[in-house]
Amino acid sequence: MNANMGKHLDLPANPSITDMSIDIYPMKGKPFYTCDLCNKSFGHHWTMIRHRAFHMNPVACPLCNKTFTWKESLEKHLMIHKGIKPYICQACGKLFADRSSRRKHYLIHTGEKPYSCDICLKGFSEKAHLREHHVVHTGQKDHECHLCQKRFTTKSSLQRHLSTHMDIRPYVCDICDRAFKRRNALQDHYTTHNNAKPFACPVCDKRFSRKYDVNLHKVSHSDVRPYSCDKCDKSFKMKRTLRQHYVRHNAVPFKCDVCDRGFYAESSLYEHQLTHTEDNPFKCKICQSSFTSKHGMKRHFRSQHDMLK
């Protein structure tokens, strides 16, 4: 019997991991360490200590609520929101906010895929991608939206979906203060400030700053409407438009408790409710006029300051 069986390591006092002990068990001739809160096992006691601290005292990002075990990890994460990217890929010059992101990216250049599916043997460069792939075989949708009860196969898909209900925009342009829900949307937006339009429509030669916009535009040249509603006879050119249309068949999920007016998005309800109060949170940065809605402020910009055209 291994001499380490049942042995406890008494750790130095630490405000976030006080009174912690670790059980050591044998595994293939080596000890491993098990968290007494979630039973997750680790091959090194320091890895175990870092993990255990997460249960005791996690710190949250004030912009997107992502939690971290250590303050240092949070500080590195905040660099993403600030757009600071000190780590460069030597192969292609792409910049990254942290070393781990650069390391994962570098696998694109090497072609290395160290994580493989034990069912179909498909390889992946990241363990997270492998986990998301597994649901293709199981079909499980364990992640449910608490607002509309729609279910998703992965946590990341649920998080992307939740942003459609809540107007959380943590990625802010440092030139015009326009905010975005996703980092890649902010990166695309930056091209509008330098007037770069590298993407041309092959039909009419109209140019766009983003590939997404030119693909969206190309649909206008086609009469094909492949997305049909199964509740009525309408069909649409884009899947996104069909999804927006589907909402019309369902009950309005968000209602004003003052006038009973209904809205399809929680953010729209919030802006509407401000009309029943004296709050005007949206201010014009040029003349300081204030408005109850962002839409009203933009309309003011266009008419009074000849902007956002």
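A Cβ is built for glycine as well, from the same backbone N, Cα and C atoms used for every other residue.
Residues annotated as domain 'C2H2-type' in TrEMBL: 33-60, 59-86, 87-114, 115-142, 143-170, 171-198, 199-226, 227-249, 254-281, 282-309.
Taking every listed stretch (143-170, 227-249, 254-281) in turn, the largest tally of C-beta pairs under 8 A with the domain 'C2H2-type' (59-86) is reached by 143-170. Across 87-114, 227-249, 254-281, the stretch most heavily in contact with the domain 'C2H2-type' (143-170), judged by Cβ pairs under 8 Å, is 254-281. Confidence for the domain 'C2H2-type' (59-86), expressed as mean pLDDT, is 76.
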